[in-house]
Amino acid sequence: EGGSTAGLSATPPASLPGSLTNVKALQKSPGPQRERKSSSSSEDRNRMKTLGRRDSSDDWEIPDGQITVGQRIGSGSFGTVYKGKWHGDVAVKMLNVTAPTPQQLQAFKNEVGVLRKTRHVNILLFMGYSTKPQLAIVTQWCEGSSLYHHLHIIETKFEMIKLIDIARQTAQGMDYLHAKSIIHRDLKSNNIFLHEDLTVKIGDFGLATVKSRWSGSHQFEQLSGSILWMAPEVIRMQDKNPYSFQSDVYAFGIVLYELMTGQLPYSNINNRDQIIFMVGRGYLSPDLSKVRSNCPKAMKRLMAECLKKKRDERPLFPQILASIELLARSLPKIHRSASEPSLNRAGFQTEDFSLYACASPKTPIQA
């Protein structure tokens, strides 16, 4: 968490300083352990007697007053993110819901019931939630900059091998979320963080609508997220709920575009409403001719598949992950052959991507 989602802006704050040193301790705290009802410790039994009969998701509620809210990091259509303190550094997302109805509160707790079970190396750790003074989700604080910041602000020179690994880790995290029936709804480079420049951490999935568990409130069924990553059907908003696994796949396709071009799509259009109109009606697609010549052909094909205008024509993440893993396994062989003599080197440059660096002038779009 931490990339700015202000309105529909594509511009995030610069970086996310912080600490993850307390995460392990927090995982051992009484809150998460409460999920294991079979604990035999007398301390846990006494706590159960004190707390009485409770719903399992309630065990993750952080009482009012325990979280110290600090610096504002960014805001978006769903809420505002702050750096906070709760047994260490945490990210606190305050939701844009005032005086929630009982139905909204129950829907929120239903979602928490799924989020509390998410544990994956490529997603930010969910640590708890609060309902007072307002609904908030608390996650691990990620030390590292967003992918957006790396690509479009400081123009980090990533080798192609690293870019493909970022894509692989992102697909791996999304495949896990979808296996849990969690739709991200706002996947973008602002919400993908590189912890210590090595490990991908997907953030801001805490407001994903969980299939079959959302209880009918349309509080969040408004145009949300940044438009550059929105699938055409999401922009059109013709369906009751246009978000789907495939709309996440489209957003991932835009992330691939960022990785393989070093640019944002539609860089020649500065009018937000024009982008919404043209993408929503199928008149505008990312210009794949801007993909670098040394981008693997298989990656370019995958990108085009993810960016299909018709939702049902896009692949799902199990297939996407398998494709990227297959490509990644071919990297050592290609890397070796690139350094060996060959009588047939003509034309090889299009696939020789071991020394690719993502560094070109870019002008981030205010979309």
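Just so you know, glycine gets a Cβ as well, placed from its N, Cα and C.
Here is what Swiss-Prot records for this protein:
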- 1-64: region 'Disordered' (REGION)
- 33-57: compositional bias 'Basic and acidic residues' (COMPBIAS)
- 67-327: domain 'Protein kinase' (DOMAIN)
- Ile73, Gly74, Ser75, Gly76, Ser77, Phe78, Gly79, Thr80, Val81, Lys93: ATP binding site (BINDING)
- Asp186: active site, proton acceptor (ACT_SITE)
Would you count the other C-beta atoms found within 10 angstroms of the C-beta of Ser75 (ATP binding site) for me?
18
Within 10 Å of each Cβ, count the other Cβ atoms, then let me know which of the binding-site residues Ile73, Val81 comes out lowest.
Ile73
DSSP on the residue listed as 'active site, proton acceptor', three-state: which is it?
coil
Integer Å value for the Cα distance linking Gly79 (ATP binding site) with the residue listed as 'active site, proton acceptor' is 12
What is the average pLDDT across the domain 'Protein kinase' (67-327)?
87
Which three-state DSSP class does Ile73 (ATP binding site) fall into?
strand
So for Gly79 (ATP binding site), how many other CB atoms are inside 10 Å of its CB?
22
